[in-house]
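The structure under discussion appears below in the form of structure tokens.
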Amino acid sequence: MKILSVLLLALIICSIVGWSEAQFTDVSCTTSKECWSVCQRLHNTSIGKCMNKKCRCYS
């Protein structure tokens, strides 16, 4: 049971750190494919996702 608690805590910490790497944009979108060129142009990365109708870029 202790190991499960430690693994759960590690997962939560890693998730929080991962979220901080996201960079938000004000560019509207309907599909994630639309964000790829936006992220490349604005943040020099092609990893992007459409969330809540806004592009979100990851490094």
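Glycine too: its Cβ is placed from the backbone N, Cα and C atoms.
If you check Swiss-Prot, you get these features:
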{"type": "SIGNAL", "residues": "1-22", "note": "signal peptide"}
{"type": "MOD_RES", "residues": "Q23", "note": "pyrrolidone carboxylic acid"}
{"type": "DISULFID", "residues": "C29-C50", "note": "disulfide bond"}
{"type": "DISULFID", "residues": "C35-C55", "note": "disulfide bond"}
{"type": "DISULFID", "residues": "C39-C57", "note": "disulfide bond"}
{"type": "REGION", "residues": "48-55", "note": "region 'Interaction with Ca(2+)-activated K(+) channels'"}
{"type": "SITE", "residues": "K49", "note": "site 'Basic residue of the functional dyad'"}
{"type": "SITE", "residues": "Y58", "note": "site 'Aromatic residue of the functional dyad'"}
Which residues in the same chain, at least 6 apart in sequence, have a Cβ under 8 Å from the Cβ of C55 (disulfide bond)? T25, V27, S28, C29, E34, C35, V38, C39, G48, K49
Can you figure out which of Q23, C57, Y58 (the recorded positions) comes closest in space to C50 (disulfide bond), comparing Cα atoms? C57
According to DSSP, which kind of secondary structure is C35 (disulfide bond) found in, if we only use helix, strand and coil? helix
Cβ-Cβ neighbours of Y58 (site 'Aromatic residue of the functional dyad') (radius 10 Å): 15
Position of peak Cβ density within 10 Å, selected from the disulfide-bonded residues C39, C50: C39
By a 10 A CB contact count over all chains shown, which of the disulfide-bonded residues listed here is most packed: C29, C35? C35
